[in-house]
Structure formats: C-alpha cells, structure tokens
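Report on the structure given below.
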Amino acid sequence: MSDIEARVKKIIAEQLGVEESQVTNEKAFVADLGADSLDTVELVMALEDEFGIEIPDEDAEKITTVQNAVDYATKNQKA
C-alpha cells in the first residue's frame, strides 16, 4: 500500500467513523460505508487539506469510492 493510499484510507475511516480495516479500495462511500451527502462533502474537504489540493465540484461528484479518492490524490497531490 502506498503512503498516499494509507493516508486516504485513514482520512476516510476518521471522517466516516468506520474501522480502517473496512476501508478497502472497492468500497463506495454511500452504499458500502454509510456516508451521506454531508459526509462526502466533509471527506472531500479533508482530502483537500491533507494533500494541499483543490477539488472542483465536478471532480468531487466523481469521487465515490475509496479507489477514486486514492487515484485522485495520487494524480493531483502537491507534494
């Protein structure tokens, strides 16, 4: 697991109040991890803070799974 993947999974677990072991790459935030729309907004904000990036709304709407979040952070992180 890459450092970015580990950081993303930690953020997701903290934001959604689930065990980190439940946060696997194929899990969807809403269907599998019980997130609601406010949770997903807060999750995007936490990812922005962690990785020093800005996620436009049209991109945020496409980040619906753990793998989507890992891929987006990997591609767009500022260092």
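The backbone N, Cα and C atoms fix where each Cβ goes, glycine too.
Note that this is a predicted model, so its numbers are computed, not measured.
Here's what Swiss-Prot has on this protein:
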| type | residues | note |
| --- | --- | --- |
| DOMAIN | 2-77 | domain 'Carrier' |
| MOD_RES | Ser37 | O-(pantetheine 4'-phosphoryl)serine |
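As a whole-number mean, the pLDDT of the domain 'Carrier' (2-77) in this prediction is 97. The residues of the domain 'Carrier' (2-77), classed with DSSP into helix (H, G, I), strand (E, B) and coil, number 47 helix, 2 strand, 27 coil.
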